[in-house]
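**Student:** Take this structure, written in structure tokens, and hold onto it; I'll ask about it next.
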Amino acid sequence: MIQLSPLLLLPLFSVFNSIADASTEYLRPQIHLTPDQGWMNDPNGMFYDRKDKLWHVYFQHNPDKKSIWATPVTWGHSTSKDLLTWDYHGNALEPENDDEGIFSGSVVVDRNNTSGFFNDSTDPEQRIVAIYTNNAQLQTQEIAYSLDKGYSFIKYDQNPVINVNSSQQRDPKVLWHDESNQWIMVVAKTQEFKVQIYGSPDLKKWDLKSNFTSNGYLGFQYECPGLFKLPIENPLNDTVTSKWVLLLAINPGSPLGGSINEYFIGDFDGTTFHPDDGATRFMDIGKDFYAFQSFDNTEPEDGALGLAWASNWQYANTVPTENWRSSMSLVRNYTLKYVDVNPENYGLTLIQKPVYDTKETRLNETLKTLETINEYEVNDLKLDKSSFVATDFNTERNATGVFEFDLKFTQTDLKMGYSNMTTQFGLYIHSQTVKGSQETLQLVFDTLSTTWYIDRTTQHSFQRNSPVFTERISTYVEKIDTTDQGNVYTLYGVVDRNILELYFNDGSIAMTNTFFFREGKIPTSFEVVCDSEKSFITIDELSVRELARK
């Protein structure tokens, strides 16, 4: 069972009253950030305003209702009090010309006014500086500052701050490095497979420190790098209690096709990132998680928080939504943990857990915008052909299409594997029945191979006519524990209209996938089934909760 870090939770399962009518915009997620209208892709500058207690997300945007990627590309802007309900504020940064773009970048809180852009009239917690790629004839790195808490920006009159005469250097991510007392930028030299590391005292003058080159899974190009320091949940000693993580996005070239994020664990000394090994580790093994970015200026108890674009460049421009395209993933909390990777080895792994509660919402209940409206729980159920779990949130025809499930189960028969025996059980997410038809997402666990199979096949014409949508995906999982009864596994999932986020074994593996039911259908019921005369799975704990806006 996924257990959220202390910062995050009051019941993880608090979350939305009558979410939008299922007959209108039925594919729009309700607890994931989406644009009010137009196109959205990479998350850009993201920060927490500690004074106003407000979360800011900028994103690649074109508000044109055609809802496809096209210039001019702007920075759209949304804010939230609780990371689940978002207010849209239009464009915050725009290019000089309509055939150009303000490409991806980041935002920092320049609390000590190292840039010299601010005076005492601007609160230190609201000294906002954006660092971005200006995409004109070349790609140059530029900066802008805000005097109104991040709602608009003034471009630096001596831009660019970095110009290497390249059309393929972009996506600067900037952070403050205490140990070397300087700003650090990681930026992609995309088609040379380089992450370039720069340092600056003032966000204006930058010196190249080192290059992280040709590491991991290359794909076609590197994009959207990131760098942060994370605590280790279960350190092996008192000496090493944290590690640095460098992140990369690659597109195209994912093993599943299109877009994916990978990460490296190591050390950073203010000049060079030193990876612990050469292994390729993927952040999220689904099809719809790209261009991850972390928040700047989070509270210490909030830890490292971030989100990603929940789509894939293979089909992002053609998904069947109305007047808008794309959503972000849920905000996730990030740590590191030693986990078993197979029966004989263990290693540090990125742990991801969705954020439903922050320091402020724990202190002030009125900030919460979500609640549980229906719930179902079962414990110690021996699953077989005659015993199953079934829930239906559409009995009053007012289902929200948003629910979560939290499952812990034990494989009690470890000697299975004969061809005449069932070795699988399934979790099924059903739509309501419309015009005599129902659609289903399938999550099947095979005990013989300890593998989850996910099938997001629907009858929507978009999916039927999109050969690159990759409807069937699988992942091996190692047991999370062993008891006298058998091997233990966990799975936490969030279903939100057209997006499914899965967190296996307490968040050591994450998988994000979109799906598109047709004819106004939304997810309304959840079922657990095993077609076996003999029980080999015990559901230790299962909770399913339907969520709605207050």
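Using N, Cα and C of the backbone, Cβ positions are placed for all residues, glycine too.
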**Student:** Out of TRP313, TRP452, which one does Swiss-Prot list together with TRP39, MET40, ASN41, ASP42, GLN60, PHE103, SER104, ARG170, ASP171, GLU223 for substrate?
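**Tutor:** Given TRP39, MET40, ASN41, ASP42, GLN60, PHE103, SER104, ARG170, ASP171, GLU223 bind substrate in Swiss-Prot, the matching entry from TRP313, TRP452 is TRP313.
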**Student:** Do any residues at least six apart in sequence from TRP39 (substrate binding site), in the same chain, have a Cβ closer than 8 Å to its Cβ, and if so which, in order?
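**Tutor:** GLN60, HIS61, ASN62, PRO63, ASP64, LYS66, SER67, ILE68, TRP69, ALA70, TRP324, ARG325, SER326 - these are the non-local Cβ neighbours of TRP39 (substrate binding site), listed in sequence order.
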**Student:** Out of ASN41, ASP42, SER104, ASP171, the recorded positions in the record, which is closest to ASN333 (N-linked glycosylation site) when you go by Cα distance?
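**Tutor:** Closest by Cα distance to ASN333 (N-linked glycosylation site) among the recorded positions ASN41, ASP42, SER104, ASP171: ASP42.
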**Student:** In Å, rounded, how far does the Cα of ASN112 (N-linked glycosylation site) sit from the Cα of ASN398 (N-linked glycosylation site)?
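**Tutor:** Roughly 51 Å, rounded to the nearest whole number.
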**Student:** Using a 10 angstroms cut-off on Cβ to Cβ distances, just flag whichever of SER104, ASN237 is the loneliest among these recorded positions.
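**Tutor:** Lowest Cβ count within 10 Å among the recorded positions (SER104, ASN237) is ASN237.
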